[in-house]
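**Q** What follows is a single structure, and I will ask about it in a moment.
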Amino acid sequence: MATEHVNGNGTEEPMDTTSAVIHSENFQTLLDAGLPQKVAEKLDEIYVAGLVAHSDLDERAIEALKEFNEDGALAVLQQFKDSDLSHVQNKSAFLCGVMKTYRQREKQGTKVADSSKGPDEAKIKALLERTGYTLDVTTGQRKYGGPPPDSVYSGQQPSVGTEIFVGKIPRDLFEDELVPLFEKAGPIWDLRLMMDPLTGLNRGYAFVTFCTKEAAQEAVKLYNNHEIRSGKHIGVCISVANNRLFVGSIPKSKTKEQILEEFSKVTEGLTDVILYHQPDDKKKNRGFCFLEYEDHKTAAQARRRLMSGKVKVWGNVGTVEWADPIEDPDPEVMAKVKVLFVRNLANTVTEEILEKAFSQFGKLERVKKLKDYAFIHFDERDGAVKAMEEMNGKDLEGENIEIVFAKPPDQKRKERKAQRQAAKNQMYDDYYYYGPPHMPPPTRGRGRGGRGGYGYPPDYYGYEDYYDYYGYDYHNYRGGYEDPYYGYEDFQVGARGRGGRGARGAAPSRGRGAAPPRGRAGYSQRGGPGSARGVRGARGGAQQQRGRGVRGARGGRGGNVGGKRKADGYNQPDSKRRQTNNQNWGSQPIAQQPLQGGDHSGNYGYKSENQEFYQDTFGQQWK
């Protein structure tokens, strides 16, 4: 054993034999596992110090440690030893996180984070002793509570609407400052502070779940734009945890029961399927559906599995995205709504029929029918309430209609969405790929317009300003889910037929009756008119012309994508939200979907490679 103490300074080596290295009973096990002598000694030193037991580390951690060279493994173990492990529940996972962080720093050429930049452990300990909460630390987040002590709250886990998002948090701020602030709003279920393992500081945002919805709403009122430090204001809003997935490329002949059965075979936690039928054929769906899971975690796992390319449903790898989350409007606002959202209307139903059916309950301000749904504006709320009570579920022209109160728009949300759309338009300077908001299609000319859009009448776009067209939603009613995807099954088909002149820079035609450029023509790129006369471009984006002409050569890529894709050969495309013309909903951020950019104090996005299922995101910005 004498050789184990030689360190190059033999003349200064103490002669006291009591300083001999003491190994634990697991030292030989580490050597047998294949760890180098010095690495095994370093890890065993941690065992002897009582920081970690051998049983705390699983085989995965030992195998990962073996992949490092000796210097790297020793550096990892030293950092692991120096870390405060008192609040780490899964020490094996924590060690793996340290190894991952070390490799990332090694690639970037950065130094190990200064441990002095972390939280004040004395203050954290005092906080935990005062509140009785627990603290679980991983390399990606610090979780305070969840569940809280019985003395604070002994009920069931809080439901949707009890979680808030906190942004613009100073990077060196921790639980000792956040908890005392937010517990004033009400009892906290848990607080999750997202951490950057490369710096040892937080990412600039956190999530706080309260035990009641009232406490969450109170926290937003109290602390949105609150000055938490001199010159530092945090932003607070209600967070919506998403547990729904959008799935495309669904065979149109499949029923809700068949879809539920099939996807339950390949994913876990599926609770419901939201399916919409074609207005003119109730036996066929629209080629997409929404899958609802137990919680966000199971939805994230299902999304990861379905996007792996290894899982096929009906022999096809479908399109999978996060669905837009449902946001519950303020109850006080909903109590003033006088507009009804009516869906499942038969094709024969007109605005005149609707006006006649609903006017018996009170004076109407306006009736607006769009496809197979409509909005009924009452002069007084009492009339709307009576109409919903009497007409909901009743037969109208052969179809049982469904009625709910329409959701008013969130003006701040629309402003944020417009800002994001403007940013996208600057990034992608392609008029037909990202059409401007609220631009009505050209309506001159005769004949059948292109099937590439939604087919809404021109005045519909002014109607959007009055109410968010995608904001109408009541669980599985269309508003929040169906409208944006109304033309999903045929959104890629280019313009056809004779029509009127397309103005320079005008949006491409939408649906029946909206005229495409005059003559047999497609669209030109970047919104400008084509130079040739009478030439029709083929699939992939064509030139815009006047007059009739002969069929031209195959057009280049760009513009609106032409032609349907067959379901069996449907490759994973870019997000459908990023391909649809003139729809502002396309750039709306989705809860729990990674956003681009790494400045979490500004836009709260982070790169996908850093995402874990618990790392929610929110794209709200505060001014």
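Placed from the backbone N, Cα and C atoms, the Cβ positions cover glycine too.
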**Q** Which residue among Arg504, Arg512, Arg539 does Swiss-Prot mark as omega-N-methylarginine?
**A** Arg539
**Q** Which residue does Swiss-Prot record as asymmetric dimethylarginine, given the choices Arg171, Arg420, Arg536?
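**A** Record annotation (Swiss-Prot, asymmetric dimethylarginine): Arg536.
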**Q** Of Lys107, Lys394, Lys607, which does Swiss-Prot mark as SUMO2 cross-link?
**A** Lys607
**Q** Pick from Arg501, Arg526, Arg557: which does Swiss-Prot describe as omega-N-methylarginine?
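**A** Checked Swiss-Prot: the omega-N-methylarginine annotation sits on Arg526.
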**Q** Work out the three-state DSSP category of Lys363 (N6-acetyllysine).
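**A** Note: Lys363 (N6-acetyllysine) is coil by DSSP, not helix or strand.
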**Q** In terms of DSSP three-state secondary structure, what is the assignment for Ser159 (phosphoserine)?
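**A** In three-state terms, Ser159 (phosphoserine) counts as coil.
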**Q** Please work out the number of neighbouring Cβ atoms within 10 Å of the Cβ of Lys363 (N6-acetyllysine), leaving out its own Cβ.
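**A** A count of 9.
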**Q** Within 10 Å of the Cβ of Ser159 (phosphoserine), how many other Cβ atoms can be counted across all chains shown?
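**A** Looking across every protein chain shown, the total is 9.
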**Q** Determine the Cβ neighbour count for Lys168 (SUMO2 cross-link): the number of other Cβ atoms within 10 Å of its Cβ.
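**A** I count 20 other Cβ atoms within 10 Å of it.
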**Q** Kindly report the helix/strand/coil residue split of the domain 'RRM 3' (338-408) according to DSSP, in that order.
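**A** Looking at the domain 'RRM 3' (338-408) with DSSP, the answer is 22 helix, 26 strand, 23 coil.
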